[in-house]
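Following: one structure in structure tokens, then a few remarks.
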Amino acid sequence: MDPNPQILENPEPISSEDQSPPVPVHSPPFAVASLTLSLSTVIPSNFLVQPRFSGLFSRQPNKDNVPTQAASLSHLPISCSSLCPPKISLKSTVSANPLQIPLSLGPRRPSEPSNGAGMRRATIVWFRNDLRIHDNECLNSANNDSISVLPVYCFDPRDYGKSSSGFDKTGPYRATFVIESVSDLRKNLQARGSNLVVRIGKPETVLAELAKEIGADGIYAHYEVSHDEMETEERIESAMKEENVEVKYFWGSTLYHIDDLPFKMEDMPSSHGAFRERVQGLSVRKTIEALDKMKGLPSRGDVEPGDIPSLSELGLNQPVAMSKEGWLAPNTSQVGGETEALHRLQKYGAECRAQPPKATNNGAQNSIYGATFSNKISPWLTMGCISPRSVFDEFNKTVSRKHDSGNGTGTNWLMFELLWRDFFRFITKKYNSTKKQPNPSPATACTGALA
């Protein structure tokens, strides 16, 4: 194709009025783009001499008289004294699709996500008995729903001090385990670009102050089932309602999810045997992978992380090791935290793989034993440093392959213990949720279970 085809065969003489230089008018840049959204509405049909191009513009040209000259269709300079500044040209290539030039409505903030309009500004993640990164639906949901996330842990003074009977509500050994678990959680969050804010105070007061300071519009936390913890949840919901902050809870403390149970909570069986029958064959949800990178902390407020308290700051004394004649001090290797919990789980799995399964009288292999006939992970389960689903998932991957012969019996003992733990938590939830019911039937149990 000739790069400069002759389009106007008999051009009319240009008057002196037309030859006068156009007066530059500084119009908005989007006025130029609006002329080129559809060439058929701008270029009169008599400019298009070649018939193969005329079919591309099916619409009838309008009667607007645009003072312009077209040198070619591949290089089309448009000069308009009333709309465009001088020396502005638009290059276009005629194709089967209508010519479109997208308009930008303004720059996007670098920190704004692609769907920022539907995300929260800032969300507080209130850690309780879920001091872990792995399999933490609450943390993952907050990270996905928000532009910024503020993890918080509160040392509630009501959990420490003396009870009405004169005993420590939380002893020094348990308090040390909690302090170590909180410290490990902070390190894991820092490794993912976040941090953990630690405060000593009542959660309903601490969270309300932090929500105001950072402008939070949501608080995410895991459900608890005991009476005192549920009362704390009610106080927080009341305080946040006044601040127009949504409080959202998640379930993450049992092997079976509460939403997957084949019955309503008010119909929860009161005996462990009946509970086992009802959940038989129920699938366990997959564990949630730990986040590799977390959203940043809120820029508003400049919240200080705070120091993790010592035993003395919690009103407790250092534990004293007992004499050889009495009880020995707890094993110092029981360090709190998710890092230690995952290490122990892997170590116990290796012990189970190294030992042969114990056969029953009929030859069935229905038990797996580790060192000292215990998995020794109950303290970490109690504080939520590891989830029951993570324990079950690990043994499904490592232990059952060697010991089960394909029928899953090798982990029956573990399922049995985890089901006891589920039963106690669900039955506690049932009774605390139905306190107004007269004469509720008592729960029945015949043996202990995992904490």
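The chain as shown is numbered from 1 upward.
Just so you know, glycine gets a Cβ as well, placed from its N, Cα and C.
The feature FAD binding site is assigned by TrEMBL to S374, N375, K376, I377, S378, E417, L418, L419, W420, R421, D422, F423, F424. The number of other Cβ atoms within 10 Å of the Cβ belonging to K376 (FAD binding site), over all protein chains shown, comes to 16.
Annotated domain 'Photolyase/cryptochrome alpha/beta' per TrEMBL: 121-255, in sequence order.
The region 'Disordered' annotation in TrEMBL covers 1-26.
When Cβ atoms from all protein chains are considered, those within 10 Å of L418 (FAD binding site) total 22, not counting its own. Of all the Cβ atoms in the protein chains shown, 24 others lie within 10 Å of the Cβ of D422 (FAD binding site).
Note: the domain 'Photolyase/cryptochrome alpha/beta' (121-255) comprises 59 helix, 33 strand, 43 coil (DSSP; helix = H, G, I, strand = E, B). Note on S378 (FAD binding site): other Cβ atoms within 10 Å of its Cβ, all shown chains, come to 14.
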